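Annotated in TrEMBL:
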TRANSMEM  B:23-44  transmembrane segment
TRANSMEM  B:56-74  transmembrane segment
DOMAIN    B:135-319  domain 'ABC transmembrane type-1'
TRANSMEM  B:135-161  transmembrane segment
TRANSMEM  B:173-193  transmembrane segment
TRANSMEM  B:199-223  transmembrane segment
TRANSMEM  B:244-271  transmembrane segment
TRANSMEM  B:291-318  transmembrane segment
Amino acid sequence: MVRAAQPNTSETKDFPGASVQVRSVSHAFDNDAQVLPVLGNVTFDVPSGETLALLGPSGCGKSTLLRLIAGLEMPKRGEIGVDHVRVVGPDPSRLLVFQDPLLLPWRTVKENVAYGLEAQGIGKEKERVLQALQMVGLSDFAAAYPRELSGGMAQRVALARVLVNRPRVLLLDEPFGKLDSLTRMTMQEELLMLARRHTFTTVLVTHDVEEALLLATRILVFSSRPAEIILDLENNLSFPRFRDDPEFISLRRQSLVALGHGEEFFR
Amino acid sequence: MFDKTQFPAENVAPTAGHSVFRLWWPGVISGVTWATAFSVTALFPNHVRTPAAQSLEACEIMIIIFSGFSVLLGNMSSFSSLAHHGRRIAALGGAVAVWEVMTAKTGWLPLPFFPSPQAILDVYRVDSERLAQSVFHSLLLLIPGFGLGSLTGFLVGVAMGWSPEARYWGHPIIRLLGPLPSIAWLPIALFIFPTITAASVFLIALATAFPVAVLTASGVAIVDSRLYDVGRTLGASEGFLIRTIVIPAALPNVFVGLFMGLGASFIVLIVAEMLGAKAGLGWYLQWAQGWAAYANLYAALAVMSVLFSSVTMVLFAIRRRLLRWNRETVEW
Ligand SMILES: Nc1ncnc2c1ncn2[C@@H]1O[C@H](COP(=O)(O)OP(=O)(O)O)[C@@H](O)[C@H]1O
Ligand SMILES: [Mg+2]
């Protein structure tokens, strides 16, 4: 855990996932002399290649946790490690996809995807960019500007922009939250296929219990702010997963109960 | 179900029988109005002493000939951009005829304040060299002044938008000095700078720099900070972020500042030339007024309007090129 940070030199073709260690992490924001505690002593491990889903009430600190793993902020207390190396800042091996695509409107689709490679001085690498666009099925839109894309297409480009860098940890912050339900289902399937083909580790924040159960191998449910883990669920269901599978239903009920629903009115 | 006659073959390419010759009516009307203007100019004696009408007559004849061609060719698609102005040109012919009557031919409008069109056009024949020199000298102040001011304003704006420290120091300066019309600095500029040229360039730069700096800074400030998160995780250094996110995101605002700055610099240019210079369009206006040469004054104003409008068009063209990605379209 507490080894010196090393530059990440492993450049394998099929980017293998890294393990993630979150150890006694607490975080708070200082708002105008008032301290807002957001994370309260959170500890968990994500083994390499696992897909972990984080569920919790809105505003409990899930996005903050992802930003900490990404290295965009440093935790007030505790440590975060990736492959047992302490996270000290952002790095292209740990990449975030947000609810909004956040594409650069002045760049074409392929220039958006190439952004990371350019920023890291790897050069434009046309092949890699086109390959990433192919992965998300948008080869035909390489020269389009973001304003010409639908919401689902834009989110696919955001995914390609991340994948082209061969990340070892993929941090997804409600990535399908703004898509219509059919597009969302398609993209969930695509994500599953990607995660199986390439073995990156995924941490997925979602407010959709079914999405968590369909995609994740493990689910953490957080309390409201400051977030603490109140449920740690293994999900060993084999693929394809069915929503009406009794085991699926049982896992969903456990999650909903932990989130404070499903007792009084629904079951 | 569908009656065939309801769908005439409109989108079928016109056949040979279709392309019957048609007159282009705006051309006909333009020919008539300009012929009227020519008759008034050439056939009626001048009532008041007026410079030679040869320039105006030459223009009128050219437009009449041109109108004649357009009557035959105006319907062709390759003419469509010119044809767009057809009715305007026709109306101008009528206006020139009326204006000639009211000035040179009858003297209803008093001289020297209301020169005839033939007098104004004659200025371009007699005094074109001095006018060209004036345009040249004005550009010699405008281009370096506007360029320097844009660059300074842009750099200051980016710094203020990006760095809290730069904002802390820049803000009060812009707050206090920004609203000051830059021409108010003229007396001070005149004794600080060795030449009036340098002083004028400085004032134009000042007039440009303030709006450009303010708008650039606000353009940088409203950039969605999540884009920086995206850039930083993807491995961007601070310089790369500024180059690839901050500046392009601020560019639409920068152009608003540039347009405001350009307007301000036209004002400063003309006032500075009127007050101090020995050349340039502002000086020309002053000089013409001194001689009560009102025809020269109107001629110089026309040159000025064409010049400033062209400069503005150039800026719009640059903007359109750089903001291709942006759908927002304010055209000039
Ligand atoms: N940069 C920040 N400064 C101050 N408060 C913040 C900041 N980011 C998030 N917060 C607050 O922290 C809490 C948790 O936010 P977030 O992690 O986005 O929650 P979630 O993603 O679980 O909905 C919220 O109350 C939010 O207002
Ligand atoms: Mg969130």
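Backbone N, Cα and C atoms are what each Cβ position is placed from, and that goes for glycine too.
When each of the listed stretches B:23-44, B:56-74, B:173-193, B:199-223 is scored by C-beta pairs under 8 angstroms to the transmembrane segment (B:135-161), B:199-223 comes out highest.
Of the two recorded stretches, the transmembrane segment (B:173-193) does not lie close to the transmembrane segment (B:291-318), with fewer than three CB pairs under 8 Å once pairs fewer than 6 apart in sequence are set aside.
Spatially, the transmembrane segment (B:56-74) is not adjacent to the transmembrane segment (B:199-223); fewer than three Cβ-Cβ distances between them are under 8 Å for residues at least 6 apart in sequence. The transmembrane segment (B:199-223) makes contact with the transmembrane segment (B:244-271): 3 or more of their CB pairs lie within 8 A, with pairs spaced 6 or more apart in sequence. A Cβ distance under 8 Å defines the sequence-distant neighbours of the transmembrane segment (B:244-271), meaning residues of its chain 6+ beyond its ends; these are 138, 141-142, 145-146, 149-150, 153-154, 157-158, 161-162, 182-183, 186, 200, 203-204, 206-216, 218-220, 222-223, 227-228, 231, 236, 280-282, 285, 304, 308, 311-312, 315, 319, 322-323, 326, 328.
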